[in-house]
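Now, the feature entries from TrEMBL:
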DOMAIN    B:5-83  domain 'Copper amine oxidase N3-terminal'
REGION    B:86-109  region 'Disordered'
DOMAIN    B:110-519  domain 'Copper amine oxidase catalytic'
ACT_SITE  B:D181  active site, proton acceptor
ACT_SITE  B:Y269  active site, schiff-base intermediate with substrate
MOD_RES   B:Y269  2',4',5'-topaquinone
Number of protein chains: 2
Amino acid sequence: MKYGPFVESVRARGLEMGDVVCFPLSVGWFGERGRPRRVSKLQFFYKGGTVNMYARPVEGVTVTVDLDRMVVVDFRDRMVMPVPKAEGTDYRSTEEKEEEEEEIPGPGSRGISIEGHVVRWANWDFHVSFDARAGLVLSLASVADPERDESRLVLYKGHVSELFVPYMDPSEEWYYRTYLDAGEWGFGVSSLPLKPGADCPANARFMDGFYAGRDGMPVRVENVFCVFQRYAGDVSWRHTEIIIPGRVIREVRPEVSLVVRSVAVAGNYDYIVDYEFMQSGTIKVQVGLTGIVEMKASEHTHTNQVSQDIHGTLIAENTIATYHDHFITYYLDLDIDGQRNSFVKAKMKTVRLGSDSDGSSPRKSYWTVERETAKTEAEGMVSMSPAEPSELMLVNPNKKTKMGNVVGYRLIPKSAPTISLLSDDDYPQIRAGWTKNQVWVTAYDPSQRWAGGMYADQSQGDDNLVAWSRRNRSIENTDIVLWYTVGFHHIPCQEDFPVMPTLNGGFELRQTNFFERNILLKTPLPSVESDSCSSGRQSQNIIIG
Amino acid sequence: MKYGPFVESVRARGLEMGDVVCFPLSVGWFGERGRPRRVSKLQFFYKGGTVNMYARPVEGVTVTVDLDRMVVVDFRDRMVMPVPKAEGTDYRSTEEKEEEEEEIPGPGSRGISIEGHVVRWANWDFHVSFDARAGLVLSLASVADPERDESRLVLYKGHVSELFVPYMDPSEEWYYRTYLDAGEWGFGVSSLPLKPGADCPANARFMDGFYAGRDGMPVRVENVFCVFQRYAGDVSWRHTEIIIPGRVIREVRPEVSLVVRSVAVAGNYDYIVDYEFMQSGTIKVQVGLTGIVEMKASEHTHTNQVSQDIHGTLIAENTIATYHDHFITYYLDLDIDGQRNSFVKAKMKTVRLGSDSDGSSPRKSYWTVERETAKTEAEGMVSMSPAEPSELMLVNPNKKTKMGNVVGYRLIPKSAPTISLLSDDDYPQIRAGWTKNQVWVTAYDPSQRWAGGMYADQSQGDDNLVAWSRRNRSIENTDIVLWYTVGFHHIPCQEDFPVMPTLNGGFELRQTNFFERNILLKTPLPSVESDSCSSGRQSQNIIIG
């Protein structure tokens, strides 16, 4: 801080030396020969008006220090850039306040308002309804923007559209077990009452569902949904700052979210369907697989008797649990801040700095982002691969942030992306052809909600997501639907017997330049009292149309 | 149930008609021409001695029913197989008990025993220690086997081994920002005190850590770990059974787990490191990314001023958040039921039933499992791909279940598998070369704990995971180490400013034929009183060596 040229550089920028913070960085190895360097490159930040000095970089100045001799061995002041302003960079709730324990809302329901079909909680509001085929249907999910003092639409409608569950035994009794659980059985009809205190916390809010029975009379499913506030001990954001001399700043916010759940039981198998609304703006979607695996009787009582492919695992005496897949396809009619949206692939591409570069960088490569807006449905299909990553976003090309970024939400898988391994010409695969990609984007058509087609059970693949997409409609700046398939290859194991511990998968839809900034700083914790001590259960039965 | 040939088949098997349950299945389409069939194929189960009739299939009998005419149109009794026994198939806690609300343990610490460095909770025990380089180190994690009345070793030692965080701006001030946070900075030295009631529930148990400071004196980090019981409203397993005429069986168990947490703050960035012990035997490993993104000053105040690659996102006025990656590499010295283990890839391979098959199946394909045991380290590297899936297992080839399955644990990613996009000849990539695969398996060598090598900061790639693996040592039936890298490509967005909402990734290690059956049926819920009403915090400071 006393090195003349550096003091000069600070003065030339009109900054106060007392507010400059020094950040020593490791330098790595970039092909230098000889004895390893023990040097650090210092970068500088400005803490004037903020404790978040990382937001106020003093760009262009690099001081290299020899850590053995503790002397400056190189000084570079390459350019002068404006120091970004302090305003809006502080992340503390109030400056310099005393540390005090905040009350964290317990699990429960007191912060949840349900009027008719509309659920309101914290900064979210949405509509919940029940469908015989889809089960739980969310619509008009909107999040409050604290800067604009208005609610902004994210999800026009979302639900499970289809499940494809093919078994891998070609024998007479098993070859046809290639279920489309929503289209053939009804994922809503399969949704059964939740047990308070077990399927959901005892003090969750429960709702009933109704559908038209085979005789036309209403069938009531009691407690078919539950809604509860979650605090799982997690952190919505945090930072501890120790680099400002003489001070320690520690700001941590607990993660309190809202879960909407239903459970569908497809015969032997149970699917726990969760939508979790985060105060950050994120919607987490999770499916839990549990229940009982499909089993086949066998003469075998030990694996050493097995001499050919038994198409499964010998999980108990005389019992084979057959190999199978689960593909859960979600219909996600996102309307990001309005109806006209586009699908953008932000592809990460390696740029080589080879012998043809100007040699100014010791690096030989980096990645950058090439944004491609999908024009038609053919460009809306994505098969994810670690070697060709892209951030997949639904954006509203007509809306931009103040900085000029297009507003959007991105899709983040929370389990390994999976595709069907059946051959394309196999009949079940013809019916469920979309399971060869994880992602499809289609033009909105109110008749196209069921990935397997209207009549999935005897479908020949001529009315499904693949068939519709062949029309290759425009999907740019129009009303579009995102379809995402969460897949599992299931090689059963003995621990799946006699009932299977829950296995989770899913994805999240995360705000991406939708807001001007992290809204958690301006969103107060839900103003609810802790009711986790209450053993009483609150149930509100409402009629769902 | 009155169809003569069927009654005959049941009698021939010596079964009681009254205990036969009929299960109507959908049939799909397998190339039939003409009018769609409205038929169902019936399969049969036997509920004698159990409510889990799925475990007692009456194999070989298929009845096809025309659903329009409601008549049997086809009957096949192809073979007689033993009906698997009823014993051990029931999943109810007690038969036919009255439904009553069970008390779910609240979050807290009363069920947790900590003696010295040893933590005991429910069916788990393990050792926790602190390391200046790794931070939180788990060892000797063992799970009780309720059938054997003994504890069985799973994880000999596990911790974060290295982090690779390369930024994607090749300019003079940024090209070298390619941190190895554990090797260069010390992930333990970067671990900071947790805030009770915010970083962890207020009534968690907290522990201190100590390390040797630069002057040789012990440095105490207060509350560097926390341990707490979690109930997040989730379900460890469930099933509702409605197919048994006149009965509804609903069994649901809440998920109560134990979380061990520490937080490392690498300058601007915060990493929340969680290990979650599930009563099923599963260990979930999660890392949460939060804190402050690295920012660069810029003359731009709007994206329409940008005419060339700015290597990041304009997230605020004059502020670019630079593109970067996070690769968190875990050292997992699993000792599955003993020291000598093997690495098995259970590859799922499509089998085609083409014109060369006997035509007995209408299916054209299925997948089956080809198990490959990795012989040497070259076979221990795996780059995950949806097109070539395999279940990755560490097994003990010397231990088998009663059924003859080899005991093991498998690796399940909970975020999309990711690889580094830097070119192989780029210097940071030479230092962190292992980030081109997600999985490595090496022979145990006590000197090989740090993926980036002992001296990571100036490494030239000659002492790291890649270099060691080039020796191609045997990894079959010996003491081996699994290395898994959780990766993130981070294109910052405005919501990451001024502080980033937590983004999670991770994996789970899940029992796979390790136990004879699902142990959750025999594992009682932790016998703790709910202490979620308590606002007092319990802190125990123990010295961690």
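Placed from the backbone N, Cα and C atoms, the Cβ positions cover glycine too.
TrEMBL annotations: computationally assigned, not manually curated.
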Subject >> Rounded to the nearest Å - Cα separation of B:D181 (active site, proton acceptor) and B:Y269 (active site, schiff-base intermediate with substrate) >> reply: 11
Original post:
Could you give the number of helix, strand and coil residues in the domain 'Copper amine oxidase N3-terminal' (B:5-83) as assigned by DSSP?
Top reply: 14 helix, 31 strand, 34 coil
**OP:** Provide the number of Cβ atoms within 10 Å of the Cβ of B:D181 (active site, proton acceptor), excluding the reference atom itself.
**Re:** 24
Subject >> Nonlocal neighbours by CB distance (under 8 Å) for the residue listed as 'active site, schiff-base intermediate with substrate', same chain, sequence gap 6 or more >> reply: B:V165, B:L289, B:T290, B:G291, B:I292, B:V293, B:E294
Subject >> Assigned conformation of the residue listed as 'active site, schiff-base intermediate with substrate' - DSSP reduced to three states >> reply: strand
Original post:
Where does the mean pLDDT land for the domain 'Copper amine oxidase N3-terminal' (B:5-83)?
Top reply: 94
